[in-house]
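If you check Swiss-Prot, you get these features:
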SIGNAL    1-30  signal peptide
REGION    31-174  region 'Pectinesterase inhibitor PPE8B'
CARBOHYD  N105  N-linked glycosylation site
CARBOHYD  N118  N-linked glycosylation site
CARBOHYD  N119  N-linked glycosylation site
REGION    208-506  region 'Pectinesterase PPE8B'
CARBOHYD  N218  N-linked glycosylation site
CARBOHYD  N221  N-linked glycosylation site
CARBOHYD  N274  N-linked glycosylation site
SITE      Q335  site 'Transition state stabilizer'
ACT_SITE  D336  active site, proton donor
DISULFID  C350-C370  disulfide bond
ACT_SITE  D357  active site, nucleophile
CARBOHYD  N405  N-linked glycosylation site
CARBOHYD  N489  N-linked glycosylation site
CARBOHYD  N496  N-linked glycosylation site
Amino acid sequence: MPYLLMASHNPLPAGKQLLLLVLLCAFFSSSFIPFASCSITDDLQTQCLKVSATEFAGSLKDTIDAVQQVASILSQFANAFGDFRLANAISDCLDLLDFSADELNWSLSASQNQKGKNNSTGKLSSDLRTWLSAALVNQDTCSNGFEGTNSIVQGLISAGLGQVTSLVQELLTQVHPNSNQQGPNGQIPSWVKTKDRKLLQADGVSVDAIVAQDGTGNFTNVTDAVLAAPDYSMRRYVIYIKRGTYKENVEIKKKKWNLMMIGDGMDATIISGNRSFVDGWTTFRSATFAVSGRGFIARDITFENTAGPEKHQAVALRSDSDLSVFYRCNIRGYQDTLYTHTMRQFYRDCKISGTVDFIFGDATVVFQNCQILAKKGLPNQKNSITAQGRKDPNEPTGISIQFCNITADSDLEAASVNSTPTYLGRPWKLYSRTVIMQSFLSNVIRPEGWLEWNGDFALNSLFYGEYMNYGPGAGLGSRVKWPGYQVFNESTQAKNYTVAQFIEGNLWLPSTGVKYTAEFGV
């Protein structure tokens with residue numbers, strides 16, 4: 001029975017090495033199956049694809065087969081190690097390959113049935129490019145997880161991951177980047193229930209489960225509440241988390257669709273963890289809170305990682321949730337605080353704090369009306385607010401920051417903003433893309449604005465833009481002179497990075513009830 005919640009204000013053995021090598025060599029010397037045919041409407045081909053619909057479906061099936069075969073080989077070594085970090089890296093890869101298989105299957109399903117329930121926005125070209133981009137980045141994340149390990153495994157699987165990457169990159173070239181196809185009548189997809197549309201704005205919210213440390217709810221920890229939630233739910237399932245500090249690492253797996261979590265306020269309901277790279281966790285697995293199920297919403301909650309700056313990569317929140325919303329949430333840590341890993345995401349009225357690359361990943365994400373706070377780093381360290389991870393020019397991904405306040409946190413203010421030089425971002429990958437617009441930049445931002453990653457890497461291919469920012473850190477006279485950096489002089493240039501255009505917000509944000517500005521109005 002639902003409850004009513006009032007709105008809150010507040011080293012592998014030699015034998016196994018040989019087996020793995022033989023299996024991988026056998027797989028990668030084999031040929032792929034020929035294209036399979038399927039029945040897809042001519043509309044799909046003319047509006048969304050640059051190749052025949054049959055060829056596109058066949059390419060998807062080939063890529064799915066490649067992913068599954070790599071995963072099958074790697075799974076034989078899942079429990080073969082005593083090395084904690086290596087075991088985590090393999091576990092990550094298996095999960096990430098599983099993500100990729102799902103994303104490719106969604107693409108296949110949606111392209112064959114444009115009105116199916118698995119379609120998210122109803123705008124097929126946007127959905128396909130989003131899911132294919134996610135499938136692309138997963139292989140990179142898998143490889144990155146082997147940093148700090150000494151194992152033959154990384155070298156052996158790199159060929160397989162590279163082959164999957166090439167196949168997905170080819171698929172991305174087959175989808176039109178700017179299709180004229182619209183969602184159903186330009187409105188909210190038909191599968192979204194009307195009663196789900198105002199959950200964030202209602203005075204009362206009907207909840208399905210309550211988490212309370214004092215035993216007054218259905219569960220005393222968040223993880224148990226998540227496990228009890230239905231799989232693949234087509235309606236919103238609401239979990240209310242009462243005030244308190246919940247010291248646990250929460251993972252919302254990919255089958256948990258349309259979960260919503262509501263706390264008693266960002267300073268009242270806190271989910272806290274301390275995993276870090278130094279302690280043997282991969283960056284991906286270090287997250288205090290990780291969500292992969294599509295359609296996730298969080299409101300009035302703090303997600304924190306307390307590992308501290310000396311522990312290096314330590315994620316507070318990681319999202320792979322397509323069409324996810326974080327509203328009035330506090331996301332705090334130091335290095336790598338917020339991992340916007342993949343998919344389409346929206347953050348509104350949030351507080352995000354950290355040091356090095358503290359907003360990073362390869363999602364398509366917009367931040368509106370957020371406080372972005374640079375903290376005091378380690379001695380001789382430089383802060384970079386963003387580190388966007390776009391590796392292919394056909395990806396629609398990037399970071400857009402609009403109507404936000406970018407300032408120093410209290411610890412950096414107390415030490416002097418000059419003690420830790422702070423920059424708007426640096427290019428993690430070759431086609432890194434970040435836009436800052438209509439935001440207040442305090443004197444914490446260095447006059448150069450942006451920071452190199454490693455020499456001249458990506459300076460020609462990145463895309464960094466600024467538009468109508470203000471404040472002592474917004475001066476443009478001393479900004480970097482990189483070929484990939486530009487200042488927008490016209491709104492027509494900046495419009496591409498608004499909620500309406502960049503994340504197709506008008507097609508799905510109304511279903512969440514969250515406040516948002518579609519373009520440039522305050």
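Backbone N, Cα and C define each Cβ position, glycine as well.
Residue counts for the region 'Pectinesterase inhibitor PPE8B' (31-174) under DSSP (helix as H, G, I; strand as E, B; rest coil) come to 102 helix, 1 strand, 41 coil. Same-chain residues at least 6 positions away in sequence with a Cβ under 8 Å from that of N274 (N-linked glycosylation site) are, in sequence order, T288, N305, T306, A307, K311, A314. Local packing around the recorded positions N218, Q335, N405, N489 was summarised as the count of other Cβ atoms within 10 Å of each Cβ; on this measure the leading residue is Q335. Sequence-distant contacts of the residue listed as 'active site, nucleophile', defined as residues of its own chain at least six apart whose C-beta falls under 8 angstroms from its C-beta, comprise Q335, D336, S384, T386, A387, R426, W428. Of all Cβ atoms in the shown protein chains, 24 besides its own fall within 10 Å of the Cβ of C370 (disulfide bond). Mean pLDDT for the region 'Pectinesterase inhibitor PPE8B' (31-174) in the predicted structure: 83. DSSP classifies D357 (active site, nucleophile) as strand under the three-state reduction.
Within 10 Å of the C-beta of N221 (N-linked glycosylation site) there are 16 other C-beta atoms, taking all protein chains into account. When the alpha carbons of C370 (disulfide bond) and N405 (N-linked glycosylation site) are compared, the span between them is 6 angstrom. Taking the Cα of N405 (N-linked glycosylation site) as the reference point, the closest of the recorded positions N105, C350, N496 is C350. Over all protein chains present, the Cβ of C350 (disulfide bond) has 24 other Cβ atoms lying within 10 Å.
Of all the recorded positions in the record (N105, C350, N489), the one with the smallest CA separation from N496 (N-linked glycosylation site) is N489.
A helical conformation is recorded for N496 (N-linked glycosylation site) in the three-state DSSP classification.
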